[in-house]
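*Asks:* Just lifted these from TrEMBL, have a look:
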TRANSMEM  6-28  transmembrane segment
TRANSMEM  40-60  transmembrane segment
TRANSMEM  90-111  transmembrane segment
TRANSMEM  126-148  transmembrane segment
TRANSMEM  209-242  transmembrane segment
COILED    258-312  coiled coil
TRANSMEM  334-357  transmembrane segment
TRANSMEM  377-403  transmembrane segment
TRANSMEM  424-449  transmembrane segment
TRANSMEM  477-496  transmembrane segment
Amino acid sequence: MGDFNLALVIVAIVVCVLVLLFNVYLLVNYQHPDDVNQAYLPKAVVVLGLSVAAISILMLPADVANRQACRNALYNGACNLTLPMKDLWLAVYIADAVLVFLVIPFAMFYYEGDQDRTVGKRMKSALLWVIMTAIICGLVLGILYGLVGKVDFTVRHLSSPVTNFPSTWTGFSNSQPCNAASGATQCAAYLAPASSEKTWTIRTTFPEYVVALATIVGSVLFAFFGGIGIACLPLGLIFSFIRRPKAVITRSQYIKEATELGKKARELKKTADALHQEERSGNKGRKWRKNVKAVEKELLLLEEDMKALEEMYPQGEKAETAWALTVLGYLAKLVLGVVGLIVSVAWVAHIVIYLLIDPPLSPFLNEVFIKLDDVWGLLGTAAFAFFCFYLLLAVIAGAMMVGMRLVFVTIHPMKWGGTLMNSFLFNVGLILLCSISVIQFCATAFGYYAQATAAQEIFGHTLESLRGIKYLYRYNLFQYAFVILAGVTFVYYAAFGWRKRKPRGRLVLSN
């Protein structure tokens with residue numbers, strides 16, 4: 001037993017170190033050239049935020065393994081020698097909430113501050129904004145916790161008379177397992193009336209209440225972006241293969257297309273200069289922000305067109321090799337898209353079969369993970385972690401799709417070698433906020449596999465009985481929204497997603 005627990009601690013430490021190194025690798029390769037050798041504070045926040053998000057996802061499989069550490073114990077108190085998962089859960093999610101609502105906003109205000117000001121003034125301005133945010137959040141949390149920070153458990157008061165210890169056991173059988181002497185049975189409490197149900201109210205701890213409210217905010221984003229993304233993520237990869245360039249274009253076609261893109265680039269530059277001039281004059285109203293977002297969207301589409309043109313006309317000494325890699329890349333997208341489509345269908349089917357139908361038709365994926373664990377101890381855990389991470393990828397894909405379609409949603413694309421720190425920070429905040437909901441969602445969806453864990457105690461019992469918000473989870477509102485959005489997005493994408501984007505006309509801004 002002790003050896004198993006020691007191995008679990010060693011694995012947890014090694015995984016944390018690997019996660020940290022991998023996030024540093026992502027930061028170095030995704031950062032924009034303008035941020036090289038500077039913006040160290042936002043970079044540290046990005047690495048820390050990504051690490052907390054990844055570790056929080058991996059903690060649920062670790063919670064399951066931690067439960068199994070004392071499953072076959074021969075002595076009482078063996079579970080006291082395992083990892084204190086409930087304390088670790090609360091620590092991770094309090095850190096998650098602090099990063100989302102305090103640290104990341106501070107880093108964004110600092111990074112987007114006027115570069116002409118000194119570092120001290122930029123930090124002072126960012127700190128003032130964060131202090132105001134902290135005061136408001138603290139007041140809201142304190143008032144809500146004082147008024148409705150209680151948990152209402154529905155309990156049934158059971159009572160039964162007893163009889164003397166029997167001298168013989170001849171009166172017991174399969175049909176009569178209880179002692180019925182003198183008309184009083186020891187099993188009378190089994191037939192307790194409905195009036196015996198009562199409400200047992202206790203006050204929850206403040207950390208659990210903070211996690212619960214953060215879960216509510218994350219669940220709204222998760223149901224919206226995740227429901228859209230779980231359909232558009234695999235279909236986007238498949239339709240990208242369908243829309244791929246079939247052959248290399250001629251030089252004359254390349255010159256013609258490049259000339260058109262050059263005209264659009266000059267037009268965008270002129271528009272951006274005009275908006276920058278308006279910003280310096282202090283004219284930053286609603287129409288100005290709408291125009292800025294329209295220019296950002298056009299710039300992102302222009303970059304996609306430039307990349308597509310470079311793919312259709314590879315240049316240089318290794319042009320044939322570049323074309324071969326392009327073809328292989330689209331084949332990889334097709335394979336990943338098919339695999340993702342299978343995972344997405346499995347997710348939606350599991351939600352309907354196990355969560356929305358009462359009683360559940362089948363444990364479905366729960367049984368799959370258990371059987372994989374029987375094949376090899378960590379196989380089911382790895383599959384479980386993969387399904388949880390897939391939901392996070394779906395959230396990011398959904399946010400990108402909505403940002404490209406709706407002008408009032410700010411676009412924060414993640415590009416290899418071209419991601420600014422403000423986009424990094426935004427996406428890290430989104431991942432952190434949704435990671436809480438992903439864990440809660442997985443703890444509920446895989447409740448049979450993750451039963452008797454600390455996560456299920458926090459997210460299953462406390463959250464679903466918390467006064468004021470328990471009905472959102474009791475009636476599966478977020479699950480219904482997730483499935484409906486996934487179905488609508490699938491139909492929309494299947495009908496229109498395979499079509500190539502039409503050439504855009506002149507950019508028209510609001511007056």
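Placement of Cβ uses the backbone N, Cα and C atoms for every residue, glycine included.
Just so you know, TrEMBL annotations never went through curation; they're auto-generated.
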*Asks:* State the residues, same chain only, that lie 6 or more residues beyond the ends of the transmembrane segment (424-449) and have a CB under 8 A from a CB inside it; answer 'none' if no residue qualifies.
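*Replies:* Contacts of the transmembrane segment (424-449) (Cβ under 8 Å, skipping residues fewer than 6 from its ends): 27, 30-31, 42, 45-46, 49-50, 52-53, 56-57, 59-60, 64, 93, 96, 99-100, 104, 107-108, 111, 211, 214-215, 217-219, 221-222, 225-226, 350-351, 354-355, 363, 365-367, 369-370, 380, 384, 387-388, 391-392, 395-396, 399, 410, 412, 414, 455-456, 459-460, 463, 473, 478-479.
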*Asks:* Should the transmembrane segment (40-60) and the transmembrane segment (377-403) be scored as in contact, given a threshold of at least 3 Cβ pairs under 8 Å and pairs 6 or more apart?
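*Replies:* Touching, yes - the transmembrane segment (40-60) and the transmembrane segment (377-403) meet the threshold of 3 or more Cβ pairs under 8 Å.
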*Asks:* Among 6-28, 90-111, 377-403, 477-496, which stretch has the most Cβ pairs under 8 Å to the transmembrane segment (334-357)?
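*Replies:* Most contacts with the transmembrane segment (334-357): 477-496.
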*Asks:* Restricting to the coiled coil (258-312), what is the model's mean pLDDT?
*Replies:* 80
